[in-house]
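Colleague: Annotations for this protein, taken from TrEMBL, read as follows:
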| type | residues | note |
| --- | --- | --- |
| REGION | 17-39 | region 'Disordered' |
| COMPBIAS | 17-28 | compositional bias 'Polar residues' |
| DOMAIN | 64-183 | domain 'Palmitoyltransferase DHHC' |
| TRANSMEM | 111-133 | transmembrane segment |
| TRANSMEM | 145-167 | transmembrane segment |
């Protein structure tokens, strides 16, 4: 009986270990055996991340100012620490108070479609309001006072959403973020670049493709362009560039 009980205990322990290993693999973490091997894995992971981030910057660029003081990690280009979410976000655009989350590389496309749907909904509601008022224009205006009062804030929402939609469409076409556009002079690696030069732009068509269609590019890192690439992008467009679709 004692041997059977010991066998059952060993089987239960092995099954629990397998369940833990399966759960850790589902969460995306690697099962580490022993404290020493875990330390070696973390150290190797940190070293490879530092090397990967350093390769994102051109030779001669100092990344000491790009170390996050809160996360204590090297930030790749276009990343920023969000004080509300308390984490670093790739391609940080802004922190949306209404949605309660950061808008960055993983959800910027969904945010744009969300604004587009809200704009279409408000426009359709405004059209229904105006159609209703025109059909009942012979009636006294105070009978439709509520509809008229609701049409005023609806018009304000429509203008705000359309401006926000056009603004983010401009950012998408030029491969920029709200943070980079507003705080350009305070970002170290964008401080010396002229304002009309978009360092991360690959052309309108390529920017749209990377933003909407390239699903494998969700969590990729984008390196800083070299001085030669910046000089090429700062060159004004000519008729030959338009014919050869340089802007695309």
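Glycine too: its Cβ is placed from the backbone N, Cα and C atoms.
Walk me through where these features lie, including what they touch and how far apart they are.
Modeller: The average pLDDT computed for the domain 'Palmitoyltransferase DHHC' (64-183) is 89.
Beyond its flanks by at least six residues, the transmembrane segment (111-133) meets 93, 96, 99, 103, 144, 147-148, 150-151, 154-155, 157-158, 161-162, 164-165, 168-169, 172 of its own chain at Cβ-Cβ distances under 8 Å.
Long-range contacts of the transmembrane segment (145-167) within the same chain: residues 112, 115-116, 118-119, 122-123, 125-126, 129-130, 132-133, each at least 6 residues beyond the stretch ends and with a Cβ under 8 Å from a Cβ of the stretch.
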Colleague: DSSP on the domain 'Palmitoyltransferase DHHC' (64-183): how many residues come out helix, how many strand, how many coil?
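Modeller: Tallying H, G and I as helix, E and B as strand, the rest coil: 70 helix, 14 strand, 36 coil.
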